[in-house]
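Lifted from TrEMBL, the feature list:
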- 115-133: transmembrane segment (TRANSMEM)
- 169-186: transmembrane segment (TRANSMEM)
- 206-230: transmembrane segment (TRANSMEM)
- 250-274: transmembrane segment (TRANSMEM)
- 294-312: transmembrane segment (TRANSMEM)
- 478-498: transmembrane segment (TRANSMEM)
- 504-526: transmembrane segment (TRANSMEM)
- 564-582: transmembrane segment (TRANSMEM)
- 594-616: transmembrane segment (TRANSMEM)
- 662-680: transmembrane segment (TRANSMEM)
- 700-719: transmembrane segment (TRANSMEM)
- 797-820: transmembrane segment (TRANSMEM)
Amino acid sequence: MEKKELQVGFSVQQKPFKIQRPGSGGDLPQIGGFNPFPVARRSNSSHAIAMDDDMESGNLGPYKDRPRTFPNMRSKPYTPLIFRILMRMNIRVVFILVLLGLGAVFYVGARTSPIIVFVFTVCIISFLISIYLTKWVLSKDEGPPEMVQISDAIRDGAEGFFRTQYGTISKMAVLLALVILGIYLFRSTTPQQESSGLGRYTSAFITVASFLLGAVCSGIAGYVGMWVSVRANVRVSSAARRSAREALQIAVRAGGFSAIVVVGMAVIGVAILYATFYVWLGVDSPGSMKVTDLPLLLVGYGFGASFVALFAQLGGGIYTKAADVGADLVGKVEQGIPEDDPRNPAVIADLVGDNVGDCAARGADLFESIAAEIISAMILGGTMAQRCKIEGKCPFYGCDSDHGGSISEQRQSIFRGQYEMIGTCNIFDPSGFILFPLVVHSFDLVISTVGIFSIRGTRDTGSIGATEDPMAILQKGYSITILLAVVTFGLSTRWMLYTEQAPSAWLHFALCGLVGIMTAYVFVWITKYYTDYKHEPVRTLALSSSTGHGTNIIAGISLGLESTALPVLVISASIVSAFWLGRTSGLVDDAGNPTGGLFGTAVATMGMLSTAAYVLTMDMFGPIADNAGGIVEMSQQPESVREITDLLDAVGNTTKATTKGFAIGSAALASFLLFSAYMDEVAAFAHVPFTQVDIAIPEVFVGGLLGSMLIFLFSAWACSAVGRTAQEVVNEVRRQFIERPGIMEYKEKPDYGRCVAIVASASLREMIKPGALAIVSPIAVGLVFRILGYYTGQPLLGAKVVASMLMFATVSGILMALFLNTAGGAWDNAKKYIETGALGGKGSDCHKAAVTGDTLSCLPSVMMFIFYGRDVGLAVMCGRPIQRHCGAFSSCPYQNACNNNSRHGSCLSLRVVHNEVYSPDCTISLYYSYLLRM
């Protein structure tokens, strides 16, 4: 990445320069005859070049005789290719293309379902609202030129790293797409593909196209998060000079723009794929794919999003943590200068890291989480509806019965493969259960928008008083969003999940959603309690710093370990409650067995994510506020302004930790669901029951040990990557302070670009090793034990070992992620608490010990490994394939319902479902859930 430097002037005095607030009526003071932080205008004028020459030679006249110009450090603004193409096109042409695109989208949606049209409408309106938020934020002033110059430096560094990082990720994605294409071209077809006539080549290209679309959308989600943060930070800094509430409102609305776009893209992306495949493949027409099998074609979309999110989190996380550690250890501890002091050569790299790590990476991560949750819930809803024969559209094409649009109260019986019709035909339409997740997240966009707009600015100026706690303001908006979520979730379940077969089922599922919503709220409260310095744990941690560095570290580790208890209890209660609420919903299969348990857990997960857009808004608020504080410090604004941004920054640390805890909780809820889905996947492919995993089998127990070990190994490699990169930064900062002693006296300028280049290159290099571990380990374990099982007569050994590995890895990873996330947020805010003036304030020994603890907050979260490894584990096919031509078995009483060239179970054109076993290779899986299958 091209090196970019912030041109800093020099002074003959050693005291830092303070700029009076604009409009205060006083002239800027002169130090040594000039301003040590002259300002860059956005121009490359000859005068600016002359100014640069004067600075290098030291030939500077009195300040009042010289214009406040400064060489522009930006070489060339970066704009993505797609935007450059659009900007060169005629506005009328762009408008026509947009209209044609919207027309095509709504046409396909109308041919699919009115529900899809509703989802499209909500998403389009949400995008228009996000455009309004963008224009509102960008209409705010950027402040004095010195702020603009620093913001430009941050923007350059973030965009440069983003280009390099996503260029690398895109190459890996294309390579993986070719691998997926090869796998699908040479693998055996699935029962659903054979029954629908979907060929191997068509299936392969659909999966690859979905994978690439998911990867592209995930990358766009990351770019949107970074794009808004690097433009909003300076506007928040400027607003802090006038009003604390205005600064808060700008940061929230900037984060809201990113959140709405990320959630809206995840929803509309899945909806467009679903509608396109529905129309293109002629779903539910004679001889074509059934609507319950259609969500299986969407798994590539979630996998592509997961792939990009993994490396975005790794690369961005290593970047931001290494820069933070390097800047703090040398700047604060060794040199005793304030945080974000312009004399620190690593300060720009630190501020860039907030954008590429906490904004771009988090946007991609939340996009992947929402997309995967939607797709998995669609699969489970469809298969449950199929299993219970939810009433609706008549599936018997050619049936000339007049249903009159009413729900049939008749039943059908199965006897040796023949349907005995009693009265009119049964009606089967599971679209409500399939499209329910899309409706829930569409309402999420609506209610989160209301929550965002509930935070308004005031005309009051100055610091935030005791009655103006920014965390309380954000919490108020979240409470409004939660209340609206309860109402809209209940309405959604009544609209989408009502069936006359079980009239009270919708109410049970509404209660499952309420369990998820309550779990989300409790998780936010728990994380806030352990990471906000207004509460006892963080203040106790800060107090431990008064006795040294070691006691601070011990207290922080103790706090992090303790913080895992309450979340685990909440998760456990939520899983059990949601499962039993779903199980008692009244939905049963042909044998009378309850079937709603797993879907109840899925609905609880949807409930927890039903406020995801507002939670992501609070997350984006954190790095924007952090950047704003850095800009204020570097531009030498008055202390009152810094007090406002420090308070917003401390709240931002809490909201970031809260969002991570929220993501851990929702993923933990889904883990039970996905583990069950994996077992059903193996049962479907192996054609033998697979309902339990016995850890008393030595090989299975070893698989569990390997899964737990992988969490720690991944954490070790990620921490090592951060440590090595931070060492390079520390050495570089120390070198500059030694070789350029004038930096501390404002006589020489630091080389910011050098630190940015070091962190950028190192983070891209270091992300490969832990990322490869997450991808390769589940596949390697499955293949090794599959071979071992083949020679020892245990055909499902590989599947059992992988199941054990995923189970243990998920449990260990949830605990590790909770520990690292909460301890990191607490360490950071303990330092912030001391910097408010408590326990000696800035520069004290207590503060130095807290800074040491804060560097440990840079331990990376391992969440991305847990769930990416889980996704890859679902790809391991360990078992015996289903035999073809099951109609050849004379012992099978259902052979009359089978086509000659199909596999038993899915080939049944009349959708026969049974669980009898008449031969080793003639079994049907009662529950198909091909989740994230490769």
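Keep in mind that glycine also has a Cβ here, set from the backbone N, Cα and C atoms.
Contact between the transmembrane segment (700-719) and the transmembrane segment (797-820) is supported by 3 or more Cβ pairs under 8 Å, counting only residues 6 or more apart in sequence.
Scored by C-beta pairs under 8 angstroms, the transmembrane segment (478-498) has its highest count with 504-526, from the stretches 115-133, 206-230, 504-526. Remark: the transmembrane segment (797-820) makes no contact with the transmembrane segment (250-274), by the rule of 3 or more CB pairs under 8 A. The stretch in 169-186, 206-230, 250-274, 294-312, 594-616 that contributes the largest number of Cβ pairs under 8 Å to the transmembrane segment (504-526) is 594-616. Counted over residue pairs separated by six or more positions, the transmembrane segment (564-582) shares at least 3 Cβ pairs under 8 angstroms with the transmembrane segment (594-616), which defines the two as touching. By the count of Cβ pairs under 8 Å, the stretch nearest in packing to the transmembrane segment (206-230) among 169-186, 250-274, 294-312, 594-616 is 294-312. The stretch from 250-274, 294-312, 594-616 with the most CB pairs below 8 A to the transmembrane segment (169-186) is 294-312.
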